[in-house]
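Student: If you scroll down you'll find the structure; I have some questions about it.
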Amino acid sequence: TQYSFKEVFGTVVVQKELFDVVAKPLVEDLIRGKNGLLFTYGVTGSGKTHTMTGSPGDGGLLPRCLAMIFNSIGPFQAKRFVFKLDDKNGVDVQSEVEALLERQRRDALPIPKTPAGKRQLDPEFADMIDVQDHCRAEEVDEDNVYGVFVSYIEIYNNYIYDLLEEAPFDSIKPKWNNCNTPVRNGDFVPPQSKILREDQNHNMYVAGCTEVEVKSTEEAFEVFWRAGQKKRRIANTQLNRESSRSHSVFIIKLAQAPLDADGDNVLQEKEQIILSQLSLVDLAGSERTNRTKAEGNRLREAGNINQSLMTLRTCIEVLRENQLYGTNKMVPYRDSKLTHLFKNYFDGEGKVRMIVCVNPKAEDYEESLQVMRFAEMTQEVEVARPMDRPLCGLTPGRRLRNQAFREELSRKLELRGGPVGAGPEEPSAAELFFQSFPPLPSCELLDINDDQTLPKLIEALEQRHKMRQMLAEEFAKNVLAFKTMLQEFDSSVASKENYIQGKLAEKEKTITGQRTELERLEKKIKTLEYKIEILEKTATIYEEDKRNLQQELESKSQKLQRQASDKRRLEARLQGMVAETSLKWEKECERRVAAKQLEMQNKLWVKDEKLKQLKAIVTEPRAERPERPSREREREKPLPRSVSPSPATSTPVAPLRPRRSRSAGERWVDHRPPSHVPTETLLQPRVPRAITVEAPSERALARCDRYLLTHQELASDGEIQTKLIKGDVFKTRGGGQAVQFTDIETLKQESPTGRKRRSSPPNPDPAGDAAELEWTDVETRCSVAVEMRAGSALGPGFQHHAQPK
């Protein structure tokens, strides 16, 4: 299996090479005011903690990052407590006086501290921070002052704990009873977990986390090692002797603010403060419980570790899917404290780097494949980079010019011994005081007998002595008055101090009550957050069940719809088949009944004729039968045939007179129902320029002027009777069509056997009357016999032509 990454390091790579490629760009961005996230990822025992902290003589990424930060900003660090972090993930700037008072107050606390210059490093980690290359950032703003703050937390069983908290972290552990609940013990104080909050810039932070201001690499690493690393939870498993049971996060915050226009003091504007942070995360290794042989607490820890890493993988996959396919799925950051804490980095508030540690052991093959596949997939996720913040607008190079000015001023003061000025010097207060004295006369004695110079000098000195005494008395009076004023001021200050102390005591009581209330509210908030998490998980489960039930309901409803449509289609098909079969059998029954009736009528007629002949033979008194005429005679003299109608005719009943359409160009709608039976008669209704339809439609009616409905019914004699119902088509006011019926024509089919038989021709011949009485007139009339074919309709079948007798 092949995987591709931006950089691959071998097994013998040194820490410096790894730091230059991976971590150094993040430190440079931190100094420029940008955020960064670096975490190590891999299976347990693959070297993640070693990559982060290093070993004696070869420091890892964390001490090298600290060394590069302090090597870059060392000369430009602000004094301690100039920057002060608040409880809302922000930073305030204090003046030099406020910072001095804060330092004095901290120094007055009974906490033994060792000066930074005399601090003895722990030999356990002294070799880790002894970095010899002195790496520095290239672009450092020298007109800014900097302050470094560090914090150290761990995420254990999806709870956040502060490793720098002064409270006892792992005191006497409670005893557990048979119900798997701790026995009440007053000596046990469980560590207090922290909660995540969101600041005004929508960045996540750990509320109430301890943040220590450090001034050197040694101090920062000592905080990391002594206060934090000793408290981190590790345990001995089957795969690793010192396996990390939690995710550790070491956060480095860098606050920077510009100097004022003179380059002396920090600019007292909170908007100009830039706070950036670098998070170094040492993830706990993913592991399989069947390999670690974990039980009890170790098993629960492994489950929480794997769950948080699975949430991290899910968030990365959703981000990748949103970017590749343009979707807007919600990223489940809140499913784990680890992903919720670094939500801003994945949303584009900083640069993210991941180091994948791989163990070449054959036993870790399956886990290593999963790690490599996830790490390769994360490279396809792109996060937006934040924009650089605008500059303050002051002149660059203020610090250097101020330092040069001070050095030049001190040099000139040393050369001239006084203040240096370009214009004339103003006299001091002492010089003005001495100028108010009377001037001394000349003290030069040129002659022994000179008796004027010394008396003048004595007189001038006496005058100066008197003035000095007067000034001394006045000074003593002023001193006494000033002392009185000072005493009064001291008394007023003392009374004010007492008043202030009383007010402070009241305020402290109020603050204590408010703190108690805050603690109560924080506990309530934690309880509510826990309930909210449970409700969110329950809601997630219910939503999943709801989606599954909706999908099942949709599938069943679709199945029911398909079954209903199949049922309707089958019913329509069966109805059509039933109607067709019924119509077919009705026609067959009608045909058979008509055929049977015709057959019976023919038989009855034959019997009647035979009976008539028999009766005529019996009743006639003739002794001799008449001679039968020959065929030639019959051919020479044909007998007159009785009038007989055609075998099948169509006789219109009403109306009798023919009708003609009003216009030769009119179009008809010929409405013939599907049950129409063709009569096969010679006379058929013919409609020119007609549109034949089985059911009337608005479109057909709109194109025609006349309407014809063909209706068939069975008459009383068993024959089919056809009615032609006619009507006019006209448009309605609403835009439709209406039909007004105007005429009805009836077409009726009759059988010749149904007519009344005639026993003699209309004009008999008296001469041949005697010869013809012995024969019936049936043969005379039926020179053309009609024979019905079985199974036929009402029309004639075969025709037989016979010669008359």
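Just so you know, the numbers here start at 1 and follow the chain as drawn.
Cβ coordinates are placed from backbone N, Cα and C, and glycine is handled just like the others.
The annotation domain 'Kinesin motor' is assigned in TrEMBL to 1-381. Annotated ATP binding site per TrEMBL: Gly42, Val43, Thr44, Gly45, Ser46, Gly47, Lys48, Thr49, in sequence order. Feature annotation from TrEMBL assigns coiled coil to 504-580. The annotation region 'Disordered' is assigned in TrEMBL to 617-683, 748-774. Under the heading compositional bias 'Basic and acidic residues', TrEMBL lists 621-639, 663-673. Residues annotated as compositional bias 'Low complexity' in TrEMBL: 640-654.
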Student: Fewest neighbouring Cβ atoms within 10 Å: which of the binding-site residues Thr44, Ser46, Gly47, Thr49?
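Tutor: Among the binding-site residues Thr44, Ser46, Gly47, Thr49, the sparsest Cβ neighbourhood within 10 Å belongs to Gly47.
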Student: Could you tally the C-beta atoms, other than its own, that fall within 10 angstroms of the C-beta of Val43 (ATP binding site)?
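Tutor: That number is 24.
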Student: Residues with Cβ closer than 8 Å to the Cβ of Gly42 (ATP binding site), same chain and 6+ apart in sequence?
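Tutor: Sequence-distant Cβ neighbours: Lys48, Leu283, Gly285, Ser286, Val356, Cys357, Val358, Asn359, Val371.
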Student: Find, for the listed binding-site residues Gly45, Lys48, the residue with the lowest Cβ contact count at a 10 Å cut-off, counting only other Cβ atoms.
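Tutor: Among the binding-site residues Gly45, Lys48, the sparsest Cβ neighbourhood within 10 Å belongs to Gly45.
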